[in-house]
Structure formats: structure tokens, C-alpha cells
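*Asks:* As listed in TrEMBL for this protein:
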ACT_SITE  LYS272  active site
ACT_SITE  ARG346  active site
BINDING   LYS260, ASP265, ASP283, GLU344  Mn(2+) 2 binding site
BINDING   ASP265, ASP342, GLU344  Mn(2+) 1 binding site
DOMAIN    340-347  domain 'Cytosol aminopeptidase'
Amino acid sequence: MKLAIQSERHSEILMEVIPVFEGGKVLHVCNSCAARVQRFIKFGRFNASLGSTYKFTKEKDLGLIKEEIYVGLGKEEEITSERIRKAIAKAIREVKKLNVEKATVRFIDLDNISTEEVVKAITEGVVFADYEFNKYKEVKEDKVCLNEVRIASVAEEKVAAAEKALEEAKVIIDSTIAARNLVNEPANVLIPEELAKRAEDMGKEYGFQVEVMHKEQIEALGMEAYLAVARGSVNEPKLIVMRYFGDEANKENITGLVGKGLTFDTGGYSLKPADYMLHMKNDMGGAAAVIGAMAAISKNKVKANVVAVVAACENVISGGSYKPGDIIGSMGGKHIEIINTDAEGRLTLADAVYYAVEKEEVTRIVDVATLTGAALIALGDTTTAVITNNDEFYSKLQKAAEACGEKVWQLPAFEEYKELIKSSVADLKNTGGRYAGTITAGLFIGEFVKNTPWLHLDIAGTAWADADKDYLTKGGTGGSVRTLYYLVKNN
Ligand code: BES
Ligand code: MG
Ligand code: ZN
């Protein structure tokens, strides 16, 4: 989609989105439309509550029709950039129903939120809500695609800042959409080899280096836990390592981003029930998040050094699959008793984080994983659960998440929880029982990061949307791409 900034309010575009605060305050008032909004409110057509919309059609000269969508921003004193994102998403869903190719969205000029943030919120709301994954629909629905949106009425003195923000926003948006596309791609297409190929293509397009290691190389590294999970599939594992060095003067500071890359998770011999298995193509949502973040970081030339690692494989059943009761090794040397083959993600991640710390010498590390159903039970599908060994690092994550409207919440990591994953026959066992499932899963991974400052993001709830909601569309959300981007950008 083409996105642009314009200072004029009027243009040849006959579809305009007009944001309105509760009570009827329209920013950049033109007298006639302020009075009109007051009439809509007076006659009960529209109350400007957050995300409410009202369509108004008027005939222009020459028989042209101009349509206006009024969208509520809610109470002025409660406005946030996330609320702008949500409101604009609602408006865009209305715009789409009207089969137009172009629209303008009137800029929201605020004292307490910067031009930069508003531009990002509006454009993200627009593109994220407009998104559809329809590449496998041979017969496209008979409708026009929205292909150009302009932010209109930007004050002259703010145009430069708005345009600069737009350039950054476009890259962040593209990278997030790329992550959604990866998650939405079905598992018969997106096998580990294909995920590696997509990462390579994105590396060329956005400007980061990609190295793909094959089974023999993974064996040589001694990644026994990762290989135990991968063993059941005819589709071989691929270890994907992505590198971007944008801060040459600080070469010793490297952020590691490790994404869970299960291209499908059947549960293995601890087989998932059919309903739970249905959406397990999303079990590479963490990989999609770190690949998307690498794209945004490198294309926007962020001053930082980042190495991302994805241990891609699939968890399926065959005569070669690992089994409950097996005792397996790991790259870090610890032995692991397998209690449940469906707790596979932490095994692949144990080796992936160890590899990042040991071989890539990352100085702080974030792992991102659709790791536990328990995260959904605890926090629902709006909030990412976090475990850390470093509160200062967590507060940086909080700031990064706040900057983009994504939500994170820290769970405790008291040492008592570690008792739950001790095994009587090996160093660790791969599940800690029914209690505190998200915490014990995270702490398991933490056993392999040595003393490196570490954040574990359990995105089982936030990587996938069951239905269209606000600016998310059913399927992959592209969640965490933006949080990781701001975490790396703002240190
Ligand atoms: N990939 C799943 C977790 C998951 C669940 C992701 C729902 C997205 C939505 C993970 O591999 C898994 O199966 N976890 C088990 C762990 C259990 C066996 C300790 C779970 O959560 O049930
Ligand atoms: Mg599983
Ligand atoms: Zn899984």
C-alpha cells in the first residue's frame, strides 16, 4: 500500500476518515464539519466513543460522491497512541466495505503525543487492519483493494517530522506483515528448509546476513536436544543464524534474539488432541518475530549489533521420534529426562540460546516462543508473559513494549520453581507438572544462558488471533516484532 503525508485537507480523494473526540471535538476544525458532527451527536447517530464509526455521504459538484467516515477517539484525556491505532483500524474496516482504492485519514494533532508517534499509530492501524492472507484464493473476491492512504491536514511545520516518521514506520510495518505472512503460511509449505529460504530472501531484501546450517553441522555442534525433537520428521532441521552489525565501534555488545521455530507441533508421541493441534503451524511465531525484527532493525540501520538464531524443525511422529522416558543430551552438556514430547520447544531453545551465548558471544539475550498453553490461561491473548534473570533488562523491555502498544507482564522466577524441573535420573526434566507451567518452561531455558542477562517472552497467546480484532486480523499477528525493534533501537 502506498502511504504519504500531505498538508492540505482537500485532495482529489473522495474518501476521508475524520477522527473525533467524545463530545464532538474535531481536530483542524472547518466550521461546517464541526457543526455537522454536533448534529450527528445531537441526533444520536454517533457518540465518538473509542472505535465507533458513522458514515456520511454527500454529493459534490459534477455528480461526484464524497464519503466521510467519522471515527470516535473516545475521551480526549484518555487518548494514547494505542487507542489511535485501534480507532483507525475500525475506520479502515469501514472504508474497505466501500470498495475504494484511495482514502485520506485526517491527522490527529495532539499536544501530549508526538507527531512521530501519531504518524506511526495511524499508518500501523491502517495497514495492519487492511491485511489479508489470500494468496491461496485462486478466485479473488470481487472487490477493489485499498492501495493508497494519505495522512492529510498535517501542519506545514510538522510535515518534515511526519515524513521522517513515515519512512521508519513503513519498514516496521512491512517487517511485521512479513512476520504475519510467515505464520500464516501452512506447515506443508513452510517446512524448516522453506523457513530458512525465506529468511535468506529477507536478509537480501532488508540487509542482514543469513547463514543456514544443515543436519550434519548441527550434529557437529552437539545440539542433541534440538536434534531429538527434529528426529521424527523427514523434513530436516535447519539452524538459521542471522547477523547484523550496525554498531562497529561497540562490537563486543551483541543482542541475541532467539525464536522458537517449530514449523509444526503435533505434540509427538504425547500427541495433541485434534482441536489443540489445528493451529500449530503458528509454533514458529517466535521465529517470525525475530526474523521480522531483524528486517526492521537492519533496513532502518539501527545502531546496534544483533544476532538472531532459529533452530527450525518439526515435532511429528515416526519410528525415529523421541519418546517419553528418553534421556537426551544437550549442547550445554546437561542431560534431560523427557516427560512429555509435547514440551519440545524448550528443548530446541535450550540448544539455541546456548549456541547464541557460546558461539555467537551475545552479551544479552531474548528468546521468543509460543511455548505454553498455560500463558494463555494466565494472561489471555493480549499479553506476553515474561521471565527474566535481570530486572533492569526487563524494564527496558517494558519501555519498548509501551512505545508500540504491545503488552508484556513479568511472572516470578523464584528459585523454588526450579525445584519443579529437577529430575531424579538426569539434570533436568522437560516439564514441571501442571502448576506454574509458563514459569517452569521459561526457567528450563534459563538453565542454558549461563549468567547472560536474559528475557524469555512466551507469546503462545499473542502470536495468533482467533478472529479479527482491532488492528489484528485472524491468524498470525506479527506480535513482538515491534517490541523487539524498540528494545534493540533504544538499547
Ligand atoms: N506449542 C505448544 C504451546 C502452545 C499452546 C502454543 C497453545 C500456542 C498455543 C507447546 O509446544 C506445548 O505443547 N506446550 C505444552 C507443554 C506441556 C506439555 C508441559 C502445553 O502448553 O500444553
Ligand atoms: Mg508442544
Ligand atoms: Zn510447541
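Here the Cβ of each residue, glycine as well, is placed from N, Cα and C on the backbone.
Please treat TrEMBL annotations as automatic predictions, because they have not gone through curation.
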*Asks:* Within 10 Å of each Cβ, count the other Cβ atoms, then let me know which of the recorded positions LYS260, LYS272, ARG346 comes out lowest.
*Replies:* LYS272
*Asks:* Count the other Cβ atoms sitting within 10 Å of the Cβ of GLU344 (Mn(2+) 2 binding site), across every protein chain shown.
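*Replies:* Excluding its own Cβ, GLU344 (Mn(2+) 2 binding site) sees 30 Cβ atoms within 10 Å.
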*Asks:* How many neighbouring Cβ atoms, not counting its own, are there within 10 Å of the Cβ of ASP283 (Mn(2+) 2 binding site)?
*Replies:* 27
*Asks:* Look at the binding-site residues ASP265, ASP342 and tell me which residue has the greatest number of other C-beta atoms within 10 angstroms of its C-beta.
*Replies:* ASP265
*Asks:* Specify the nearest of the recorded positions LYS260, LYS272, ASP283 to ASP342 (Mn(2+) 1 binding site), where nearness means the distance between Cα atoms.
*Replies:* LYS272
*Asks:* Around ligand 3, within a Cβ distance of under 6 Å, which of the recorded positions LYS260, ASP342, ARG346 show up?
*Replies:* none
*Asks:* Using DSSP, how many residues of the domain 'Cytosol aminopeptidase' (340-347) fall into helix, strand and coil, respectively?
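*Replies:* In the domain 'Cytosol aminopeptidase' (340-347), the DSSP-based counts are 3 helix, 0 strand, 5 coil.
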*Asks:* From LYS260, ASP265, LYS272, ASP283, ASP342, ARG346, which recorded positions have a C-beta atom under 6 Å away from some atom of ligand 1?
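*Replies:* So the answer is ASP265, ASP283, ASP342.
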*Asks:* Provide, as an integer number of angstrom, the distance between the C-alpha atoms of GLU344 (Mn(2+) 2 binding site) and LYS272 (active site).
*Replies:* 12
*Asks:* So, three-state DSSP: helix, strand or coil for LYS272 (active site)?
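*Replies:* SS state of LYS272 (active site) = coil.
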*Asks:* At the Cα level, what's the spacing in Å between ASP265 (Mn(2+) 2 binding site) and ARG346 (active site), rounded?
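*Replies:* Rounded to a whole number, the Cα-Cα distance is 13 Å.
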